[in-house]
Amino acid sequence: MPPSPRLSRLALPAWLAAAVAAALPSWELWHFQPQPGIAGIRMSEAYRSEVPLTSHWLLSPLQGDLAVIMATVETWAVSALLVLTGLLACLGRRDPETVGRRVAGVLVLLAIVGPALPRYVDPEGHGPMPLLSAAWFTTVIDSWGSTQFCLLTAAVLVLVASWAMRPADLEKPVTPRADTAWRRLAAILVDYLVAIVLLGAVVRPVAILTGAYDLLSLDLEYGFLNWIGLFEDKAEPLRLAILPVLFLYFWVQHALWGRTLGKRLLRIRVVSAQPEGPPRARRTALRALIFPLLVLVPGFGPFCLIVDGLWALLDPDGRVLHDRWAGTAVARVRVRNAQPQP
């Protein structure tokens, strides 16, 4: 078994400094928050104004759900947890350079996405500022502050620390069989947008047939997490019907073909871990239940989803927790060489 990478005099201080820099935004939030612990709830409620989001109906739900996730990241100091997880992954015989690039990439992504999530108000007083407009881009850039500086600083320190831990050629740590992390992230984004379109086509007919006309105005403009009433004391049963629809969307496609529309586009698929092949229907059902069940847990559910993804850094095969529990894995689709035309 290859030896674990050693912590040099440069690596350990760099990892610790990166963790401190990544934790500073959360510390500021908890230090200056009048009632610590409800940041996620307040962020969610900020998206529940009386002014409808009339522009970019496909991006507004994504913006709302990402805001809930980002609030969870800041409240629970997930950025610092990510850095410490990267350190443990390097000590656990994972390739430091690969781990460093992943951790730094996520930190940079958090720094870039964060300022784009709040609902900015049009300075002329005409409601929310249209997404992707020139004024919106200007406001987003002007919103960069100490949080972005801390996250980018942490990303640089992580790259320095992982570079200092790089092993010699004869002591190369174990590397997962295939790197599908970014492909999986892109596939999730595609499936999210597809689900928004499908559910948007389902919500209105159901609302008309059942007489729940309040759902017509709410629609999905604030995202899945807000729509099912994640931060409310009681959620309407009709709103919870969205969860079986999401479950069926993923389960049916994974059980029949091993991949969703997003995975098809990114050329990845769900396979059985041992031996590699099509997974059984019950395993894909267990896998597809994770998201609908966790989103019902107020506050702690999104945090569990984030931890589920972070596990891939520690896992020897690069699998997330729900793949471990279900006995599945995500692999690249092998493309056969095209035959020459006669």
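All residue numbers here begin at 1 and follow the chain in the order shown.
Just so you know, glycine gets a Cβ as well, placed from its N, Cα and C.
The transmembrane segment annotation in TrEMBL covers 66-91, 103-121, 141-164, 185-207, 238-257, 289-314. For 180-327, the entry in TrEMBL reads domain 'RDD'.
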Look at every Cβ pair spanning the transmembrane segment (141-164) and the transmembrane segment (238-257), keep those 6 or more apart in sequence, and say whether at least 3 of them are under 8 Å.
no
Residues of the same chain, at least six outside the transmembrane segment (289-314), with any C-beta under 8 angstroms of its C-beta?
40-41, 68-69, 72-73, 76, 78, 81-82, 85-86, 88-89, 92, 94, 99, 102-103, 181, 224-225, 228, 230-231, 240, 243-244, 246-247, 250, 320-322, 324
Long-range environment of the transmembrane segment (103-121) - Cβ separation under 8 angstroms, sequence gap at least 6
22, 46-47, 49, 53, 63, 66-67, 70, 73, 79, 82-83, 85-86, 127-129, 136, 139-141, 143-144, 147-148, 151-152, 154-156, 158-159, 162, 182, 313
